[in-house]
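A.B. asks: Here's a structure for you.
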């Protein structure tokens with residue numbers, strides 16, 4: 001049994017300061033030897049720091065290694081780290097819930113344990129970004145690693161083949177025993193160095209039976225300290241040892257090869273096959289040595305970005321059936337929209353990766369009665385997300401708990417959307433200008449005028465018919481048919497033609513013409529008014545007009561910012577009314593100057609909110625637009641965010657905006673209070689504004705080129721064929737009736753001509769020919785002469801022609817005396 005201590009060897013991974021001070025007090029040389037996982041952790045930390053990491057999640061195969069790692073991180077580490085041991089389903093869920101999202105994952109294990117841990121991580125959905133995973137293998141059996149081809153983006157640190165030679169103190173190349181434990185070789189190397197040191201420079205024993213230091217000679221104590229320092233310097237110079245200045249711990253020199261994808265090859269394309277991983281360098285004694293022309297891929301920061309659905313800002317992509325499309329790799333929904341494109345551009349210029357996170361409760365953020373927030377604002381408050389990018393309005397209430405970055409979009413506000421009135425297309429639109437009773441009255445007036453005109457011309461003694469002496473020339477005969485024709489043609493600019501001669505008939509015609517002028521003017525004015533009203537787009541032009549009527553219903557999205565706006569305005573009106581009432585009813589001496597008969601402030605928003613509540617606020621904006629589109633009579637309005645309304649108007653020809661934008665507010669990016677991201681985001685947003693990025697993005701989502709395909713409904717469009725098509729149809733009907741009438745006239749004429757008896761007359765040229773034996777030719781000639789004379793009304797009697805065979809004298813008809821003057825209206 002030994003009676004004293006010459007040297008103290010510490011192989012634990014706990015704090016050695018107490019043992020080191022005690023050994024120094026007793027004059028005992030003290031050596032702290034690392035045989036735990038801490039050496040691997042230190043090497044991996046050097047690699048992560050070289051990649052620009054600042055936080056990491058360590059995953060160890062057992063809790064003993066996890067405890068050793070945690071102790072090292074507490075005492076000697078530059079990274080913010082979280083350590084997990086024995087990865088299982090509960091651990092996977094806890095890692096998923098980490099906030100903020102870690103920049104790196106680090107796994108330290110043997111090859112078989114590495115396969116098991118990674119498979120659990122893959123099954124649990126942790127490996128969504130393989131380039132963030134860093135694997136350190138603690139054995140030389142890396143040929144049994146099964147996931148290298150599936151995830152070449154993962155960075156691997158494996159024991160180099162010369163590590164075995166270094167620790168076994170053999171020349172390279174050497175044959176490593178199987179299995180080979182680097183820590184066993186390291187312990188043997190340390191013991192060998194200490195034994196050689198004892199043989200070369202003996203150290204006296206230190207005896208203390210009661211654990212108290214005995215009085216030692218000062219020379220012996222100084223000799224022990226000097227000998228220990230000399231030995232540590234010799235060990236530090238050896239290739240198989242690694243001593244850090246911070247702790248003085250004896251660690252093995254584990255030379256690790258870095259296997260990763262080359263940094264100079266582009267792997268961002270999802271369609272391209274990722275390049276294979278190769279050895280790009282080594283890690284030895286905490287130093288990174290890279291192959292020529294190779295470099296480590298810089299670490300990208302990772303943020304959890306909150307957003308919520310609001311078209312066109314951010315929305316989940318859907319198929320034609322309305323089902324949400326998901327990423328085939330991660331299973332997460334595919335997002336699109338203005339904010340998504342903006343976020344992608346920010347990730348490029350700021351060099352970060354991100355995950356999109358939707359709030360579990362609520363949308364943008366509302367505060368309950370207890371002062372707790374939900375939605376995006378609530379997630380920021382509790383640290384669930386790093387920042388929020390959505391159509392989030394900057395309000396004073398929200399600025400109490402979060403910070404906002406400079407607005408990235410123009411001022412937004414509230415706008416009214418309505419459906420354009422659907423035109424009632426009718427080919428006989430001109431017929432609806434006058435009511436049916438008016439048309440019947442006009443027809444009755446035409447019939448009555450025609451009948452009266454016929455009667456007046458028939459019985460008046462001064463008509464052309466009854467006064468032949470005054471009108472000896474041919475005048476218009478106003479029969480019943482001609483009277484109807486006169487009455488009808490008087491409705492045309494051509495006029496009715498020759499008027500009656502009698503004063504009574506002309507009086508009737510003058511009154512009828514006055515009636516025609518007034519009716520034509522009335523029809524023209526009403527037709528113009530009808531066509532103008534048809535082109536009117538909206539029956540109201542402002543929120544004030546909308547609130548004053550009751551035919552058009554209107555609503556908002558339930559519990560939205562717009563809904564809150566009208567609630568707050570209504571509450572403000574209530575408060576103002578109470579203040580005015582208390583002012584006017586106070587007993588002060590100057591109360592008379594405030595007394596008025598009417599309340600001086602409009603109670604507009606009280607009525608508006610009441611109308612909104614009675615129309616049942618909709619759950620989503622899509623439902624509101626659907627209700628507007630279904631009302632063909634334009635009797636429903638939707639009050640919502642102006643940017644969303646103008647987006648829908650640019651895509652739907654049926655919608656139109658009413659009035660001007662009111663209650664304007666800016667959009668902003670929300671970050672946690674005091675976050676370092678606020679200044680950085682502000683800077684890059686200003687840079688994007690200088691590059692006119694937002695203008696191009698706005699043109700992409702608010703593209704009005706689609707409205708060029710919409711039918712033109714402006715006042716300059718003119719009268720459409722649908723409105724006056726009946727006029728052309730009436731003309732065609734008239735033409736068809738004319739053709740039918742012509743056919744009837746031809747048929748009637750032919751029948752009449754067929755029923756008449758014609759006298760057959762022989763040609764005079766045959767009269768001098770020889771007489772036929774039966775004497776019929778002479779008889780036919782005489783009969784023809786008699787018939788001609790009768791037709792011509794000649795003076796020669798018919799009997800004188802009988803038997804005449806000589807020349808016939810034809811006298812002309814007696815002429816009637818021609819009057820000296822003929823009256824046709826005036827003298828002619």
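Placement of Cβ uses the backbone N, Cα and C atoms for every residue, glycine included.
A TrEMBL annotation is a machine prediction, not a hand-curated record.
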A.B. asks: Looking at 381-399, 400-418, 419-437, 438-456, which one does TrEMBL call transmembrane segment?
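C.D. replies: In TrEMBL, the transmembrane segment feature sits at 438-456.
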A.B. asks: Looking at 510-533, 534-557, 558-581, which one does TrEMBL call transmembrane segment?
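C.D. replies: Of 510-533, 534-557, 558-581, TrEMBL gives transmembrane segment for 510-533.
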A.B. asks: Match it up for me: which of 698-723, 724-749, 750-775, 776-801 does TrEMBL list as transmembrane segment?
C.D. replies: 724-749
A.B. asks: Which of the recorded positions 367, 540, 653, 710 has its Cα closest in space to the Cα of residue 562 (L-glutamate binding site)?
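C.D. replies: The smallest Cα gap between residue 562 (L-glutamate binding site) and any of the recorded positions is with 367.
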A.B. asks: Taking the Cα atoms as reference points, how far is residue 710 (disulfide bond) from residue 540 (site 'Crucial to convey clamshell closure to channel opening') in Å?
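C.D. replies: Here the two Cα atoms are 22 Å apart.
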A.B. asks: Please report the number of other Cβ atoms within 10 Å of the Cβ of residue 562 (L-glutamate binding site).
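C.D. replies: 23, counting other Cβ atoms within 10 Å of residue 562 (L-glutamate binding site).
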A.B. asks: Please work out the helix, strand and coil residue numbers for the domain 'Ionotropic glutamate receptor L-glutamate and glycine-binding' (312-382) from the DSSP assignment.
C.D. replies: 21 helix, 17 strand, 33 coil
A.B. asks: Once near-sequence residues are set aside, which residues in the chain of residue 540 (site 'Crucial to convey clamshell closure to channel opening'), 6 or more away, have Cβ atoms under 8 Å from its Cβ?
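C.D. replies: When sequence neighbours closer than 6 are ignored, residue 540 (site 'Crucial to convey clamshell closure to channel opening') has 418, 546, 549, 552, 637, 658, 659 within Cβ distance under 8 Å.
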A.B. asks: Out of 367, 567, 653, the recorded positions in the record, which is closest to residue 641 (L-glutamate binding site) when you go by Cα distance?
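C.D. replies: Nearest candidate: 567.
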A.B. asks: Which site among 398, 567, 653, 710 has the most other CB atoms no more than 10 Å from its CB, taking these as recorded positions?
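C.D. replies: Answer by Cβ density within 10 Å: 398.
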